[in-house]
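> Pulled these from TrEMBL:
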| type | residues | note |
| --- | --- | --- |
| BINDING | B:ARG106, B:LYS146, B:151-157, B:181-184, B:GLU189, B:HIS212, B:265-266 | ATP binding site |
| DOMAIN | B:110-295 | domain 'ATP-grasp' |
Protein chains: 2
Amino acid sequence: MTDMLQPGATIGILGGGQLGRMLAVAAARLGLHVHIFEPASAPAAETAARVTHASYDDADALRAFAQSVDVVTYEFENIPTAALDLIESICPIRPGRRALATSQDRLVEKTFLNSIGLHTAPFAPVTDIASLNAAIAAVGTPAILKTCRMGYDGKGQARLKSPDDAAAALASMNGAPAVLEGFIDFSAEISIIGARGIDGAIACFDPGENVHRDGILHTTTVPAKIGPSLRSDAVLIAARILNALDYVGVLGVELFVTPGGLIVNEIAPRVHNSGHWTQNGCLVDQFEQHIRAVAGWPLGDGSRYADVVMENLIGDDVLRVPELARSGVALHLYGKGAPRPGRKMGHINRVTSRQ
Amino acid sequence: MTDMLQPGATIGILGGGQLGRMLAVAAARLGLHVHIFEPASAPAAETAARVTHASYDDADALRAFAQSVDVVTYEFENIPTAALDLIESICPIRPGRRALATSQDRLVEKTFLNSIGLHTAPFAPVTDIASLNAAIAAVGTPAILKTCRMGYDGKGQARLKSPDDAAAALASMNGAPAVLEGFIDFSAEISIIGARGIDGAIACFDPGENVHRDGILHTTTVPAKIGPSLRSDAVLIAARILNALDYVGVLGVELFVTPGGLIVNEIAPRVHNSGHWTQNGCLVDQFEQHIRAVAGWPLGDGSRYADVVMENLIGDDVLRVPELARSGVALHLYGKGAPRPGRKMGHINRVTSRQ
């Protein structure tokens, strides 16, 4: 492991939200220093040795940041390309640029997934009313129109119940390139969180089953209620993506369970909300696994030793903390200020049984 | 729980070593802010939102520190009394002053333990050669002479094989008040880590069995190889101490297993090295349990779900990290600089089986 960063080396993290915060804690546990780059004040600042508050178009700040670290990783995928170019001229970025370029754009992502033999919802590109009408003809309705870039937690999306909704849906895209996705008849959504080391080794956490509320992840339950064959399909899908992208780090893959098998909903080139259960279900959680990978360390033991229900605390859910603190669940709060509707304030892991 | 600190409140921690670092991480996980007070540069600085580097005789710094926090706790017991007086005039200190005063002085501690009906090694106070000779007459030899204050990891101690060693042992105390302890014929040393909440609730972690090397803790193994009756004795001893001190927080108690039952070696009014196994053996570890208590939260679920061997990485042991990273153990490194002989660089938890 000649590429293995030594304790005392520094990992740069782009983004200082709760994912960056939990990555910083995992890095500290391995004796690694952390430098967070984040435009706003944000939760990760409290758990990192060093923070740069600067904009992603501040070249001087980016350069100083990149020069101060041994490797750069990130907690979100929508990082401006120019910033990445500048950083990469100075130090390695893991996971690499191909993973970012693929996942930053829904159209590129779906095309990539199909190209490596994986199934997605039917989709078609949309830039104007003509291409939208063509897309509706190809994938049918109901369907969902999504901006190609920058969407998350249900933002940048419009549903089309029938072709009559086309004009309104297109208007809500504000001129941004979009993709029309056909609806999938699925019985469940599961996630698989996979990791690939710098040596090409792959380790996947057990798939979890997701339930959303108002477009935001509400709970992830492990084990997912799927049989062994779907379970191994999920692992094989994650492994195929990880290898095809020559990936280093943790990757989240959302999958639809359908009568015809698993369909990839989307991928995230980072630790993922649906992997938070690993903090109380595995010796090495997704955050440490990601830090191990990007630091060039061998992957750790991510085998699941408990059944867990992860539940997000969104907005005023955080007011339940006093009651939750008494209830025997594991609490993970992000130290954010006032609760706002839709704001992820923390999560709990409820261990429902042990193995 | 009217005294329960809300997420966003700040916990002040006196001391920025590895214990402060792991306390800071536990506080962050509960959404609490941390302010570390530490004279030197130290490991906890990297995981805390705010750090004051100042001396314990800097009244202005202490005052500003105390005013910036909601409650003060500590990671070591040898805090100057004047600093504590100043802090306590501004905000609460938990665990309270009685626990500190008791544990700061071996003579006071042993006298206290006997006064609540607990057994200690025979002991006698030593200030000069006359009192040392009287002490030898009372407790016999072999015996061990220890400074009353400021000793840790075997420092400030001298062994007396026979009365002939008296003068040399006394000289090594450098005039400090000391206590002569008779040797105990023990089969094992165990630790019990207990916690008491602000509401008086008590929870103890399962006792662990300690092995020392060169006067420094080498391993702690859970479960300790003791029967159920000694196990409950250990819990009752911890509970008696916690109640007698009206204690709030986590307390470490070292016990000798002897043919006549358990004998208290010493107590530490803080999280304890022999409790590090809880990080990978319990849902709520000793660090979170301590933060919960001092923040006025209900104690969490500290029941043990795994057999664990904790091993300290001392000095050059840290050079084994690459090999350990591959071996399936949980790594906990403190981010310290160069390894020095006797310096605690980190620890590993090896889960040997699960329940």
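In case you wondered, yes, glycine gets a Cβ from its N, Cα and C as well.
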> With H, G and I counted as helix, E and B as strand and the rest as coil, say where DSSP puts B:ASN265 (ATP binding site).
strand
> Given the binding-site residues B:ARG106, B:LYS155, which one is most crowded in terms of C-beta atoms within 10 angstroms?
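Max Cβ neighbours within 10 Å, all protein chains included: B:ARG106.
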> When DSSP is mapped onto helix/strand/coil, what comes out for B:ARG106 (ATP binding site)?
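It is helical.
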> Give the number of CB atoms, excluding that of B:GLU181 (ATP binding site) itself, located within 10 Å of its CB.
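Result for B:GLU181 (ATP binding site): 21 neighbouring Cβ atoms inside 10 Å.
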> So what sits near B:ILE184 (ATP binding site) in its own chain, CB-to-CB under 8 Å and at least six residues off in sequence?
B:ALA121, B:PHE256, B:THR258, B:ILE263, B:ASN265
> For B:GLU181 (ATP binding site), which DSSP three-state class applies?
strand
> Compute the average pLDDT of the predicted model within the domain 'ATP-grasp' (B:110-295).
95
> Once the chains shown are all counted, how many other Cβ atoms turn up within 10 Å of the Cβ of B:ASN265 (ATP binding site)?
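Taking every protein chain into account, the count is 20.
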